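Here's the structure we're looking at; comments come further down.
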Amino acid sequence: SFIAAESFNYKKFFEMVGLKKKSPEDVKKVFHILDKDQSGFIEEEELKFVLKGFTPEGRDLSDKETKALLAAGDKDGDGKIGAD
């Protein structure tokens, strides 16, 4: 399960939440839930709580997991994930 400590696999997570099958509108909705400060970007601090956005019993990601997930989504290397 992806909830166990230090076993978070973002690829499995994306499959599980079905992000690949979602429309651009759905992806934007999820993005706005995670973008707590509405800055237009998901920063590392917000990413840490990504599992809670999908399930109330979700745990916080470890720093290592957060950095791996950030790297997966941060296409331009600016340390945050934009809506695109």
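Placement of Cβ uses the backbone N, Cα and C atoms for every residue, glycine included.
Nobody curates TrEMBL annotations by hand; they come from automatic prediction.
What TrEMBL says about this protein:
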DOMAIN    22-57  domain 'EF-hand'
BINDING   Asp35, Asp37, Ser39, Phe41, Glu46, Asp74, Asp76, Asp78, Lys80  Ca(2+) binding site
DOMAIN    61-84  domain 'EF-hand'
Residues of the parent chain within Cβ reach of the domain 'EF-hand' (61-84), under 8 Å, 6 or more residues beyond its termini: 5-6, 8, 10, 28, 31, 40-44, 47-51
Helix, strand and coil counts within the domain 'EF-hand' (22-57) (DSSP): 20 helix, 3 strand, 13 coil
Lys80 (Ca(2+) binding site): tally of other CB atoms within 10 A of its CB: 19
Lowest local Cβ density among Asp35, Glu46, Asp76, which the record lists as binding-site residues, within 10 Å: Asp76
Neighbour count (Cβ, 10 Å) for Ser39 (Ca(2+) binding site): 11
